[in-house]
């Protein structure tokens, strides 16, 4: 039972660190805490007390403390597990209104109050499994059905994949708990079939690791990558909503300013006042440009894929920046793999990414500097494009922020709001690829772009000027 405690605790910690503010995560953590307390409760009487007795370390106060620990952890684990399981399903499903969730939050634990009276506490805790047939069992069955319904009705492809992953991890534990820990124990509490639950929990844990490490090449990077991607998605949603509100508010104020200016007869003003009016007009136009820039760079990016040769796309980008390269006498070294560099990507957005990265490199290097472009297959599923320059480099303390929105190491020039590299990251993210930045001060910067070679289910594909979903 110590294994049950340890595995559930690890599960709970990983889940909580994933997103502590998410209601569904918090309810899921409570489910795992109940499982951990069940292991701790059994370990108290099966490991801790016998060990103390074996070494003659038991005394009344310690025995009493361990007894109450056993009772409290046993009560919470057996009775709160179905409640937490159902609340987790309700909050995770996104099918219930906030008011309905609040009502469920306070109504569903009512049966637990009655269990306080029907439970036997001495000489050891004996839960009222017969009564739980009428509420705990329906709670768990309802939780399973809600998960299935949420998956079946989910329209977003990525969320649908997440839901089926959640089902594959949680259902072995949920169903084993339903059958072995609640139904069987209500009929036969003498045979300890519930101990087999640890097998299903271990199975769920390994499924979780397999899913997490699937893209991690055998390391924990897979878990980290998925955490970062999900956190990034939520951050992006918050930024989009925030900038929409900000844009709307500023536009309203600009409209009021412009409307007021139109009522002023400029010819009747002295030169100083006319100059002030012109400053207000310029500032108003500049604010409008800022809003338009922020709006274009923070909107949800729609990726419509087509088959493109990355060698040609990079060459087109370099050709369009030929004058900028010439002005600073920058040498460009191209290392292209002769074949295997055709991928499915959004041509327009990918071109923007290449232009943006190359412009950053041009700005970073001194006159006579060097930019290297390398394009080659990374593996059977991906092609990598890397842009390297011998510019000033990025300080290590700034490196982890370079793809964040509104972060920039450049001097604040016209319409420079730290959205360029963030936009590139968004394009690669929505393409199903990746963008990584490596840099050392005084040596230069390398940006690596990973493109998927093949179409994936759910991709929007354009062929002969028509779009279809693969």
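Just so it is clear, glycine is given a Cβ too, placed from its N, Cα and C backbone atoms.
The annotation domain 'Histidine kinase' is assigned in TrEMBL to 245-455. Residues annotated as transmembrane segment in TrEMBL: 27-45, 65-91, 103-122, 134-152, 164-187, 193-213.
Contact between the transmembrane segment (65-91) and the transmembrane segment (164-187) is supported: at least 3 Cβ pairs lie under 8 Å, counting only residues 6 or more apart in sequence. Ranked by the number of CB pairs under 8 Å to the transmembrane segment (193-213), the listed stretches 103-122, 134-152, 164-187 are led by 164-187. Averaged across the domain 'Histidine kinase' (245-455), pLDDT in this predicted model comes to 83. For the transmembrane segment (164-187), the list of distant contacts is 35, 78, 81-82, 85, 92, 129-130, 132-133, 136-137, 140-141, 143-144, 147-148, 151, 193-194, 196-197, 199-201, 203-204, 207-208, 211: same-chain residues at least six beyond its ends, Cβ to Cβ under 8 Å.
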